[in-house]
Amino acid sequence: MDITEYIKLVFTDYTLRTITLGTAILGAVTGMLGSFAVLRKQSLLGDAISHAALPGIAIAFLITGAKDSNVLLLGALVSGLIGTFWIKGIISKTHLKSDTALGLILSLFFGFGMLLLTFIQKQPNANQAGLDKYLFGQAATLVESDVWLMAIVTGACLFVLLLFWKEFKILLFDADYTKTLGFNTKFIDVLITTFIVLAIVLGLQTVGVVLMSAMLLAPAAAARQWTNSLSVMVFLAAIFGAFSGVFGTAISASQNNLSTGPVIVLVAGIFVLVSFIFSPNRGLLFKQLRFIKNRRDLELQKTLSFMFHIAETHENISHPHTIKILNNFQGFTKGTLQKLVEKNYVKLDGTMWSLTDEGFKTASNLYNQQTSNNE
Amino acid sequence: MAQSSETNKNETSVGAIAVKVDDLTVAYNYKPVLWDIDLEIPEGVLMAIVGPNGAGKSTLIKSILGILKPIAGSVEIFGKPYEKQRQIVAYVPQKGSVDWDFPTTALDVVTMGTYGSLGWIKRPGQKEKKAALEALEKVGMLPFKNRQISQLSGGQQQRIFLARALVQNASIYFMDEPFQGVDATTEIAIINILKELRKAGKTVIVVHHDLQTVPEYFDWVTFLNVKKIATGPVKDIFNDDNLTKTYGINYKVSIQE
């Protein structure tokens, strides 16, 4: 299937359109909220929330006996919220560190959820099959109403984000200070956390309990690499998340229906990888290149200043010297000499070299420059 | 154990009482971090809070500002409960308490100082930006206004924090170790700003570590080690006796007059 054919299919085929839209919206909302989780150093929170949602799904099924996805999500939401605020309670009331609290709630809730799932499977209810799809997600089960629900939550999230932007930003940066300004930090915190839980719960059907946290973290981590502005970061994270959804769905649909959730997560992972290597300021590649260039420049400057000291001993600064003396200098190679010639700092004449006027001026400025740079 | 510390009657009354702390007791676990602190800070002083590590200096500031919840005690700012007086109190937290890799600029951080007077939802406008720029200028950081905050040196970050508090245009400033990890130039710049604040009639309360500079920088001092040891004018109570009581070992500082 070629690309144009696929794009046409996205717009005409009901299932494909629903899944593409659903995963794109999901990616956008989790990307936005993920930025906040990442900046608060609560990267693991998403993982804990999604795992904590599992028993809620099972209990909702046990109570209603039906597999209506909205009811199950409501159960997930309730138990996700309970888990989350339990974690916050443990952190503030005990001396346990947050990673311990997260790990504890994650495994306890997940364990309980798994227990309930196996219990449900033993029941003589014909409806029971398929609950385990919430473990790894199954995008194919998305229907139009699910996408509408996602769109509404995303819209509400966007509205709240814009409304309380200033409050969110200052809480993320400096919570104690925010308190002294008279803001109710608990309210802001509950607001952010509730939306994070909502977004995660919405994604369970598509991506599943186990992989959901990646949807929260990957787009945000990738976006952080490209910008030093919070608003741009949130925006980019939403874009990266949405594209992960669209590309992930496309790959899974065109390659023998590979499981959509994992493919989306992998695509998001590629965004992270590319961002970590190629982003201009924080990326590893350009950092390394800058580092190498810096070293080269310094080498060159040191050689030039060595030559400067030799040339200084003569009244005529362009007095020629043999290249041999330079061998005493450690950083000297034929390459550096060649570079200096290219820069027109040095003139070569057979086995002799001499400083040009420009080279002399540059060299005598070097020392002053170095000291002023250090300030 | 449960008797209150002997109150020091050295306090000479200078103008109005800016900060009044009554019976403040704070505990993290079972052991109290602060025990029964009574403190009156007169308006217009530049006061150092000194004491050994773990004496509760930061805790004292944080509980006065309502960041920590005390077990007992009350705080009054100019005769009214702190909650009603937030607008005239500014806070400079320890530099290490935030993540400086946060994606934001120096100007943006300083603008946060205006959020309190803006209140909920309202965004900072031209007026707030202007105030922030003025504060940046005051601390000599105007050329760095668009810098990502992680690309500032420790001393510059400290100045940004100071500028953020200056924007609040408060009457009382609480500062948690503003001289920590800054070079000599920045230290002088900061102390000059603090002295200017005092000259303008503001009350400045500083958690301070360097005992040598106390007589030079401050005119008021509080010795703290879980209990309040002493509080009053530097020239009256900054002596070996109080230092020894506070730090537990025989302390000798040469006090330059």
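Easy rule for this one: first residue shown is 1, then count along the chain.
Using the three backbone atoms N, Cα and C, a Cβ is placed for every residue, glycine included.
Per TrEMBL, these features apply:
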| type | residues | note |
| --- | --- | --- |
| TRANSMEM | A:19-39 | transmembrane segment |
| TRANSMEM | A:44-65 | transmembrane segment |
| TRANSMEM | A:71-89 | transmembrane segment |
| TRANSMEM | A:101-120 | transmembrane segment |
| TRANSMEM | A:147-166 | transmembrane segment |
| TRANSMEM | A:187-218 | transmembrane segment |
| TRANSMEM | A:230-251 | transmembrane segment |
| TRANSMEM | A:258-278 | transmembrane segment |
Other parts of the chain folded back onto the transmembrane segment (A:19-39), taken as Cβ under 8 Å at six or more residues beyond its ends:
10, 45-46, 139-140, 142, 146-147, 150-151, 153-154, 157-158, 161, 168, 172, 192, 195-196, 199-200, 202-203, 206-207, 215-221, 223-224, 230, 233-234, 237-246, 248-250, 253, 260, 264, 268
Cβ contacts under 8 Å made by the transmembrane segment (A:258-278) with residues that lie 6+ beyond its boundaries:
19, 23, 27, 136-140, 206-208, 211, 214-215, 218-219, 221-223, 225-226, 240-241, 243-245, 247-249, 251-252, 284-286
Between the transmembrane segment (A:187-218) and the transmembrane segment (A:44-65), are there three or more CB pairs that fall under 8 A, provided the residues in each pair are separated by 6 or more in sequence?
yes
Can you tell me which recorded stretch out of A:71-89, A:101-120, A:187-218, A:230-251 has the most Cβ pairs within less than 8 Å of the transmembrane segment (A:147-166)?
A:187-218
